[in-house]
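One structure below.
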Amino acid sequence: MAGIVVVFDFDKTIIECDSDNWVLDQLGFTDLFNQLLSTMPWNSLMDRMMKEVHDQGKTIEDITEVLKRTPIHPRIIPAIKSAHELGCDLKIVSDANIFFIETFLKHHGVRELFSEIHTNPSFVNEEGRLRIFPHHDFTKSPLPCNTNLCPPNMCKAMVIEKIQASLSTEKKLIYLGDGIGDFCPSLKLKETDFLMPRKDFPVWDLICQNKKHIVAEIHEWSDGGELEHILLHLINSIVSSMEENNNNNNNGNSSSHLVSAVDCKLQTISVTAH
Ligand SMILES: [Mg+2]
Ligand SMILES: [Zn+2]
């Protein structure tokens with residue numbers, strides 16, 4: 001393990017569009033969605049829209065086919081694979097839903113590269129209709145969000161806090177996102193973490209207006225090619241600085257064992273082998 005956790009947003013970060021809009025547009029439900037959007041929260045409306053989709057004879061297979069065609073920049077999947085190969089722990093934090101995300105990732109053969117997906121739960125019921133539920137049940141208790149920028153069903157800052165609590169302190173986080181909902185978790189990142197906002201997207205504007213509240217190192221990106229380049233560069237430089245620290249520590253230890261600095265490399269190898 002590289003000691004790095006990479007947390008991806010899904011919509012407009014991994015994929016090029018918003019998966020909810022993509023599915024509804026492709027199935028011909030855009031107008032109804034737009035009509036109803038002012039009447040209920042987005043997450044509740046998506047569950048309602050899946051009823052409409054089902055009632056009009058569209059099947060789970062129809063939704064799956066649409067999800068497989070979701071636009072994605074050609075360098076995103078290679079970037080995910082490389083980050084995994086470099087030993088990073090990959091996670092997704094998204095306000096889409098688990099069915100959309102897993103269907104997409106499985107189609108691209110990368111589902112198993114992610115250790116966790118934090119999103120709205122969803123499942124196909126006995127009638128073959130997709131049900132979508134809120135990540136946080138706001139009918140029972142309001143969402144404890146510090147910025148009031150998050151939707152009622154999900155504050156990604158809460159998820160990031162949980163991830164941070166589960167990690168050893170020396171692990172570094174890299175967070176990638178584009179939307180308003182990615183600002184709240186950005187505030188939770190530490191000085192040793194890295195924030196990769198998508199340039200000229202809503203999270204970017206919020207970050208620019210609130211720079212003094214962000215302590216993580218910021219590296220913006222515009223498209224999948226830049227995402228790949230910057231992410232892999234960041235991972236490689238974090239890994240080599242961590243190795244340097246390890247070597248320095250090993251040097252300290254080895255000098256007491258009368259091992260010369262020339263043997264430093266061997267020492268590292270033997271330490272890794274253990
Ligand atoms: Mg997004
Ligand atoms: Zn929040």
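Numbers run from 1 along the shown chain.
Just so you know, glycine gets a Cβ as well, placed from its N, Cα and C.
Please treat TrEMBL annotations as automatic predictions, because they have not gone through curation.
The shown structure was predicted, so the numbers you read here are calculated from the model rather than taken from an experiment.
If you check TrEMBL, you get these features:
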- Asp9: active site, nucleophile (ACT_SITE)
- Asp9, Asp11, Asp178: Mg(2+) binding site (BINDING)
- Asp11: active site, proton donor (ACT_SITE)
- Asp20, Asp95: substrate binding site (BINDING)
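Features recorded in TrEMBL, as mapped to the structure shown.
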residue: Asp9; record: active site, nucleophile; DSSP class: coil
residue: Asp20; record: substrate binding site; DSSP class: helix
residue: Asp95; record: substrate binding site; DSSP class: strand
residue: Asp178; record: Mg(2+) binding site; DSSP class: coil
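Distance noted between the C-alpha atoms of the residue listed as 'active site, nucleophile' and Asp95 (substrate binding site) is 8 Å.
For ligand 1, the neighbouring binding-site residues among Asp11, Asp20, Asp95 are Asp11, by Cβ distance under 6 Å. Each of Phe10, Lys12, Thr13, Ile14, Asp18, Ser94, Gly177, Gly179, Gly181, Asp182, Arg198, Phe201 belongs to the same chain as Asp9, Asp11, Asp178, is absent from that list, and has a C-beta within 8 angstroms of the C-beta centroid marking the Mg(2+) site.
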